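Can you keep this structure in mind? I'll have questions shortly.
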């Protein structure tokens, strides 16, 4: 999708805020712990290349979702370690090795397939994934992990790390978290040849369970200034939300009582009122269920009326503002603020999803 630079809808990304957020977490965790910046999904919509470059002096490496995301960073000149968190099938190994990209291996079936395809792992750096209770990918016993590590070494791989992922680190009830932690610790204790790096801490674990950190952390949503729990748990230190979203009024008119607005005529004016049109819609990630939510104009909350269209939405105004008047969808406007978490709560989803749905059609300004 092409970025639309010739309309007023833009996302502004504060790279300094991201750097300061990472620094705040690093002060909170034990000394000597390695930091991986999680920049998958285009750095949660913030721009993977720009964020990675900004964090280059602060972090030890990066985590991405797939090989294409890793190659994007390499092609941009990022020379630190890049770990693919998802599973890379053996037929892509050559490209990973050629670009010094670390891969995750999560099953003995992977080894069987690599041998079937006569793939060697010489020069390949690997982190082994353990399923301690998340239920997606990973091995479930020390016996399996020992066999996998031995097999990988036979194929020439460097098994650098082993890791797991917690399902409920961002929840007040830590029963499941503790079950997973004990499972992982027991599995690690049963290894015959423990890898150099052991990591289980995502953003939530890093800030609320810092006493359980091994020797590396993976910092995702906290880097971008958002609470991993939404608003369920209090942050131990302040964060700065790094992305703001703004547009401008491109059309303003008066409508009369009985006039309708939008597809499906879901809004009917009860009296004469001013309506403004803003050039952002569900193709930009501003979803249709945002009808009834508010944006900020001149420090005032203005309700979205009528259905959100593909490219536009309409808002009720208190007066006839001039064309070009700033509209804030995420961020501050004259001491009033709309956070990504506010939007997530309205949509009954999580702040991660709100950011990741912001499409490439919205230019990112740094």
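Every residue, even glycine, has its Cβ placed from backbone N, Cα and C.
So Swiss-Prot lists the following for this protein:
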- 40: N6-(pyridoxal phosphate)lysine (MOD_RES)
- 40: active site, proton acceptor (ACT_SITE)
- 136, 310: substrate binding site (BINDING)
- 263: active site, proton acceptor (ACT_SITE)
Write out the long-range same-chain contacts of residue 310 (substrate binding site), meaning residues 6 or more apart in sequence whose Cβ is under 8 Å from its Cβ.
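Within the chain, residue 310 (substrate binding site) has Cβ neighbours under 8 Å at 281, 282, 283.
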Can you tell me how far the Cα of residue 136 (substrate binding site) sits from the Cα of residue 40 (N6-(pyridoxal phosphate)lysine), in Å?
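Per the Cα atoms, residue 136 (substrate binding site) and residue 40 (N6-(pyridoxal phosphate)lysine) stand 17 Å apart.
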Tell me which of the recorded positions 40, 136 sits in the most Cβ-dense spot, judged by other Cβ atoms within 10 Å.
40
Tell me the Cα distance separating residue 40 (N6-(pyridoxal phosphate)lysine) from residue 263 (active site, proton acceptor), rounded to the nearest angstrom.
35
Using a 10 Å radius around its CB, how many other CB atoms surround residue 263 (active site, proton acceptor)?
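11, counting other Cβ atoms within 10 Å of residue 263 (active site, proton acceptor).
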